[in-house]
Amino acid sequence: MSSYAILLGRQRHVFDDLKAVMAAASPEKSGDRLAGIGADTNERRVAARYLLADIPLRTFLEEPLIPYEVDEVTRLILDSHDAAAFAPVAHMTVGQFRDWLLSYECTTAALSALAPGLTPEMVAAVSKIMRNHDLIVVAAKTSVVTGFRTTIGLKGRLSSRLQPNHPTDDPEGVAGSTLDGLTYGVGDAVIGINPAGDNLDACMRLMELFDRLRQRFDIPMQSCVLTHVTTSIKAVEAGAPLDLVFQSIAGTEAANRGFGVDLNVLREGREAALSLKRGTVGDNVMYLETGQGSALSADAHHGVDEQTVEARAYAVARHLKPLIVNTVVGFIGPEYLYDAKQIIRAGLEDHFCGKLLGVPMGVDVCYTNHAEADQDDMDNLMFLLASAGVNFLIAVPGADDVMLNYQSLSYHDIVSLRHSFGRPPAPEFEAWLHRMDLLDGEGRLAPQASSVARRLIDYRPDFRASA
Amino acid sequence: MSNPIDLDPFARFRAVTRARIGLGRAGDSLPIRAVLDFQLAHARARDAVHGHVDFSAMAERIGATQSVIRLKSRAADRPTYLARPDLGRRVDPAALMLVEKGDWDVAFVIADGLSAAAVEAHAEIVLSACLRRLGDLKVAPVILGEQARVAFGDEVGETLGARMVVVLIGERPGLSVPDSLGAYLTFSPKVGRRDSERNCLSNIHADGLAHETAADKIVWLIREALRLGLTGVDLKEDMGGAAALPSAL
């Protein structure tokens, strides 16, 4: 392990190792301060960036930030690295790579071909010397397309997760939030509920509820009950109509263990969902969530900064060929991302890093009530992410999640972004909205009091046990 | 003018969910009333997080019948408290000198946590309801903890020499409830206790767990914990209503 040093004026800045340079180069995050690894002066942060810009990309293959021997995520990253795909940028430093990403030569096709040759540490490193502008324009050049019953990530489209959470999983309450969202054309990425508990029967009842709704109106959609992967595997074994397997994941083996998973059980979850063959336009069967700070909160970060650990989670995600992945960027709390500036920056970093690695990235644009942020800040982030070509965004009724007690985007926000950017939902779902007369030729929605909307809203699900 | 309730397509859902459904639209956007309702709820939640508990007045009121000790955490102010949970879990060393070791069955800590509104509204009522039910136990002086998190009680309880500690603390406010109080019980408190070694009652507020019911449950847990010599995942609160530990505290 070598140390790094730079002289700026009369001040010499010394860093013990590569991960110290990475941590100090990171934009200010309360979580890195909490971990005691963030830059303690503004000058030191820029000093680390000068050093980082001159470090060759291949250094990250030669000097793992978390040792190969102790961490299966590091082993996955290095063992699956595609040297041929890496070849076009193998000679570059981090700084040269940043300039190349912004160049005209760096096209969508070039980025898609490059993705298997990049490691999380490389994309995290380059993101640290990129301004928000750079993160947006480069991400907008990427394309990551996946499919199950809808096709997500196509250029010129914006998909959304409909999140009908309810504090007690009351089926009528869940139905109310779901039907409301469908009349806004929300839910083409997934109808995904965080259940109040991990109870298998309760989760299976929710899967039934969504599957009956899907069949009743012939909706091209997928649903997901966001329970632990082991519960989903049991649901598959019990014959539940499961579309997607969900799991929260992180960027180190130890942090994943804190979530009660490892790579093997994640692969088992994927196999279980694949065995049902329920997809029609694709076989991406996983839904994964991540978020900066999760490894630190489990004391499993190995002294690596929270943004780099987050990027490593995308290597885990990439391995599982997911339909959708999102960072829950402002959910984890102000001890990791203090205010709107940090949340917005992290949202753009996560989206950029995920997309560059070939992950179908979405974002839960959100905040808690003890963070220094409000809905105006979420407006900013959602417009920035739409500019960056985000695959999907999460929406809840009126932006208020009454079960998890935090704020996300509203159904209205999705409608507004689609209208402002001229980005309809996934093509299969858009065609369904037209068939239902919920959407007119100019992308305008039918009012909820209209008879076409009432057809949906007046649906009364049968809550009794499955036939 | 027509009655808007009659026109509400979501009327049948209103009784079973507080979700903000069927809000209507102004173009693509939320109607002004929905925008302001949301802003009011968020404003109350923010005020709860950033509000100050008047611990001086509280110390006087409680001090009329009980011994009271006021302590501070190592987090000097609210921004530090929010960014550095590690500091909110430890007691200011200078203040800790005021605490003497004794022979106590249980110690109560009132901590501001993330909702001053919750502590102001519910903490003293729940405390006195508990004390009325615990006449046979040796109860330590009541500790008032400023800028304090749940684990603050571990160091306090350890210093007092209490067999267990109960922390009454303001929970992270949601939009629907800005003043929810939580109660965290820890047997054999000492610095470094894990969250899995505690029991928790949450949602003590006007629309949630009532004060007297909360006191019944807390006292039941205290007696069971002292009898079994433990708290945490192995002590099941079978009176109903026990919740998972919110990690944000």
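Glycine is treated like the rest: Cβ placed from N, Cα and C.
Within 10 Å of the C-beta of A:Q163 (substrate binding site) there are 27 other C-beta atoms, taking all protein chains into account. Among the features that TrEMBL reports, substrate binding site is placed at A:R161, A:L162, A:Q163, A:N194, A:E289, A:D364.
Classification of A:Q247 (adenosylcob(III)alamin binding site) by DSSP places it within a strand. What TrEMBL lists as adenosylcob(III)alamin binding site is A:P195, A:Q247, A:S297, A:M403.
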Discussion item. My understanding is the cutoff is Cβ-Cβ under 8 Å with a sequence separation of 6 or more in the same chain; which residues meet that for A:N194 (substrate binding site)?
Written reply: A:Q163, A:N165, A:L226, A:M403, A:L404
Practice prompt. Could you state the whole-number distance in Å separating the C-alpha atoms of A:Q247 (adenosylcob(III)alamin binding site) and A:E289 (substrate binding site)?
Written response: 7
Fill in: Distant-in-sequence Cβ neighbours of A:L162 (substrate binding site), under 8 Å, six or more positions away
A:S177, A:T178, A:G181, A:L182, A:V186, A:G187, A:V190, A:I191, A:G192, A:A395, A:Y411
Worksheet entry | Euclidean distance between Cα atoms of A:P195 (adenosylcob(III)alamin binding site) and A:E289 (substrate binding site), Å | 15
Worksheet item: For the substrate site given as A:R161, A:L162, A:Q163, A:N194, A:E289, A:D364, which other residues of the same chain have their Cβ within 8 Å of the site's Cβ centre?
Response: A:N165, A:V190, A:G192, A:I193, A:L226, A:N326, A:I394, A:V396, A:S408
Response to the item:
Out of the binding-site residues A:P195, A:Q247, A:E289, A:S297, A:D364, A:M403, ones whose Cβ falls under 8 Å of a chain B Cβ are A:S297
Discussion item. Checking the spread of the substrate site as listed (A:R161, A:L162, A:Q163, A:N194, A:E289, A:D364): what is the longest Cα-Cα distance, in whole Å?
Written reply: 15
